[in-house]
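Notes follow the structure.
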Amino acid sequence: MTIKDARTPASTQNTAQADTAENTDTAEDTEAGKSIGWHKAYVEGSRPDLRVPVRQVHLTNGQSVTLYDTSGPYTDPLVDTDVRRGLAPLRENWIIARGDTEEYAGRPVRPEDDGIKHTSPRGGLRNLDAVFPGRPRQPRRGRDGNAVTQLAYARRGEITPEMEYVAVRENVSPEVVREEIAAGRAVLPANINHPEIEPMIIGKRFLVKVNANIGNSAVTSSIEEEVDKMTWATRWGADTVMDLSTGRNIHTTREWVLRNSPVPIGTVPLYQALEKVDGRAEELTWEIYKDTVIEQAEQGVDYMTVHAGVRLPYVPLTANRKTGIVSRGGSIMAAWCLAHHKESFLYENFEELCEILAAYDVTYSLGDGLRPGSIADANDEAQFAELRTLGELNRIAKRCSVQTMIEGPGHVPMHKIKENIDLQQEICDEAPFYTLGPLTTDVAPAYDHITSGIGAAMIAWWGTAMLCYVTPKEHLGLPNRDDVKTGVITYKIAAHAADLAKGHPGAQEWDDALSDARFEFRWEDQFNLALDPDTAREFHDETLPAEPAKTAHFCSMCGPKFCSMKISQSITEQFGGTAAAGATAEEVAAGMLQKSKEFAESGNRVYLPLAD
C-alpha cells in the first residue's frame with residue numbers, strides 16, 4: 001500500500017466537490033482557522049476507490065509522522081465542503097455492488113418525528129432551512145429479509161471493502177478484522193443508509209475509540225449548533241458521535257448531522273419515542289418504539305442504544321441506592337414497567353428488533369440503564385443483574401447476525417474498576433465494552449472530565465474498546481463547543497495511554513517522535529505533534545511570544561541555565577552516545593565547564609538556528 005498526498009489529485013469520491021480547491025503545501029485547518037504543520041494524505045488499498053485518510057505531520061528534521069485521522073473531508077484542501085450539500089457517499093458503490101439490498105419508498109416524515117403536533121410551526125432553525133436540501137435519496141434495506149451486516153459477511157468468510165478500510169487504519173491484516181467481527185469481539189458500525197462514513201472498528205484488539213455526545217434539549221441549542229459540534233468533535237479526534245437530542249426538531253437535526261458526518265452516528269431511539277407521547281413514559285408502546293427505530297434506521301443511524309436489560313424484577317434492586325436510577329433511558333423504562341407492572345416491551349420484543357436492525361446493519365449498543373450514578377452504588381446487584389441480561393441479549397443478537405457492543409458504567413472507584421471489565425468480558429462473551437468514564441470520585445463538578453478520564457484510561461487498558469467522553473459540564477449543563485473539545489482531548493489522552501499500555505502497533509511511534517522533538521528543542525514539531533497543537537502553541541507563547549523563542553534551547557519553566565534537557569544534550573555531545581553512560585563525575589564536570597566556556601566564547605547566544 002502506498003500513501004498519496006492530498007496535494008495531488010483528490011480521491012475519486014471527492015473530485016465532485018473539489019471545484020474550487022487549490023493545491024497547497026500545507027493543509028489549511030478550516031475548523032481551527034490556522035495553517036498548521038500537517039496535511040491530509042491517503043493510503044491506497046487494493047482497489048482504486050479504497051483510499052484511507054491519514055494525517056501526516058511534517059517535521060523540521062525532514063521526517064514525517066503518520067497519524068490516524070477522524071476529521072473527514074473537512075481538513076482536505078481539495079474538498080469544497082458545504083453542510084447544505086452533505087458529504088460524498090464514499091461507500092455507496094460498495095453497498096450496491098454486493099447486490100443484497102434494495103431501495104424502497106420508506107416511511108413518510110411526520111410532524112411528530114420532530115416533536116411537532118399536527119400543523120404547529122417549526123422553530124429554532126436559525127440560519128438553516130428546516131429540511132435538509134442535499135441530494136434526494138431513498139432508503140435501502142436488505143433484500144428478501146437478508147441480514148446485510150458486517151457480522152453476516154464476516155461469518156461467511158468475506159472481507160468487505162469496509163473491513164479492508166479499517167485494517168489499513170489500524171495497521172493490521174484484513175483477516176484479523178474479519179476474525180474479530182465474526183467472533184463478536186469487534187463491531188464495524190456502518191448502516192447501509194449512511195454511505196458517507198469513513199469505516200472504523202471498535203474492539204479490544206484495535207485502537208481504543210472515543211465517542212462524543214451532542215444533541216439539543218428542550219432548553220437550548222439549534223440544528224446549526226449541533227452540526228457544528230459534530231464537525232468540531234471529529235476535528236479533535238472523536239471516532240463516533242451520539243446525537244442525544246431531546247428537544248424539538250429531533251428528526252431534522254439528525255438528518256443534517258448524518259448527511260455531514262464522516263464518523264458513525266449513534267442514538268437512543270427511546271428519547272425520540274418519548275417525545276412522540278409528550279414525555280409520558282406510561283404511554284409508550286412497542287409500536288411507537290418500533291416505528292421510531294425504523295425511522296432512524298432509514299435515515300442512516302449506525303448504532304442504537306437499547307435499554308432492553310432494564311427488567312421489571314430489577315427495579316426494586318435500586319430502591320436502597322444513594323442515587324437511584326440515573327440513566328435517562330433506564331428511568332424511562334423503569335417508569336413504564338412500574339406503570340403497567342409488566343415486563344419491558346424492549347425485552348419481550350428483542351428478537352423482532354434484531355430482525356429490523358439486521359436489515360439495515362444497525363449495531364446494538366446494549367444500554368446500561370441501571371448503571372451506578374455515584375461511587376457508593378458501584379458494582380451493586382442491580383448493575384450486575386442487568387449485565388447478566390445484556391449477556392443473554394448479546395447471544396440472541398449474534399444469532400440474528402446483528403453486531404453488538406455492551407455499555408458500561410458510570411461512577412466506579414478505582415479499586416472496583418477491574419471487576420467491571422472482567423465480568424463484562426466473561427458474561428458477554430468478549431463483546432466490545434463501551435463505557436462512560438467511569439468517574440472515579442463524585443467530589444469534582446466542573447472537573448468530571450478529569451475524574452472520569454482517570455477511570456477511562458484504566459478500564460481501556462484492561463480491555464474496554466470505546467470510551468464515551470465526559471465534558472466539564474457533566475452534571476451541570478449542556479456542553480458548548482469549547483466543552484466538546486475539552487472532553488474529546490481528555491478522552492483521546494486516556495485512549496492513547498491505554499493503546500500504549502496494550503502495545504498497539506505504532507502507538508509509541510507518536511510519543512517517540514514528540515520526545516525527540518522535545519529533547520532537540522524543535523518547538524514547532526512539538527506543537528504540531530501534540531493532540532492539541534493550538535493550545536500547546538498558545539501556552540508556550542504566553543511567556544515567550546517572540547519568534548526567536550521557537551529556536552531557543554529552553555522554555556519559561558526553567559530558563560536557559562536550568563534546562564535539564566539542554567544539560568543532558570551537552571553531556572551527550574561531549575561524550576557521545578553510550579560512552580556517556582560510563583562517564584565519571586569528574587569527566588561530566590569537565591564537560592560542563594568546557595560547554596560553559598563555549599557558551600561564553602560564542603557571545604552568550606541563547607538562540608540558535610535550526611539545523612538544515
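Here the Cβ of each residue, glycine as well, is placed from N, Cα and C on the backbone.
Note that the coordinates shown come from a computational prediction; the quantities given were computed from them, not determined experimentally.
Annotated in Swiss-Prot:
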- 1-33: region 'Disordered' (REGION)
- 12-24: compositional bias 'Low complexity' (COMPBIAS)
- 105-146: region 'Disordered' (REGION)
- 105-117: compositional bias 'Basic and acidic residues' (COMPBIAS)
- ASN213, MET242, TYR271, HIS307, SER327, ARG328, GLY329, ASP368, GLY369, LEU370, ARG371, GLU407, TYR434: substrate binding site (BINDING)
- HIS411, HIS475: Zn(2+) binding site (BINDING)
- CYS555, CYS558, CYS563: [4Fe-4S] cluster binding site (BINDING)
Practice task
Would you kindly list the residues that approach the compositional bias 'Basic and acidic residues' (105-117) from elsewhere in its chain, counting only those six or more residues past its ends and only Cβ-Cβ distances under 8 Å?
Solution key: 138-139, 247-252, 272, 275-276, 291, 294-295, 298
Fill in the blank from the handout: Minimal Cβ count within 10 Å, across the binding-site residues ARG371, HIS411, HIS475, points to HIS475
Practice task
Would you please pick out, from the binding-site residues GLY329, GLY369, the one with the fewest other Cβ atoms within 10 Å of its Cβ?
Solution key: GLY329
Exercise for the section: Rounding to the nearest whole angstrom, report the longest C-alpha distance spanning ASN213, MET242, TYR271, HIS307, SER327, ARG328, GLY329, ASP368, GLY369, LEU370, ARG371, GLU407, TYR434, listed for substrate. Expected result: 20
Problem - Cβ packing number for TYR271 (substrate binding site), 10 Å threshold - result: 20
Practice task
Starting from the Cα of HIS475 (Zn(2+) binding site), work out which of the binding-site residues (ASN213, GLY329, GLY369, ARG371) are within 10 Å.
Solution key: none
Exercise for the section: List the helix, strand and coil residue totals of the compositional bias 'Basic and acidic residues' (105-117) as derived from DSSP. Expected result: 4 helix, 0 strand, 9 coil
Exercise for the section: Report the member of ASN213, SER327, TYR434 (the binding-site residues) whose C-beta atom has the most other C-beta atoms within 10 angstroms. Expected result: TYR434
Problem - In three-state DSSP terms, the structure that TYR271 (substrate binding site) belongs to - result: helix
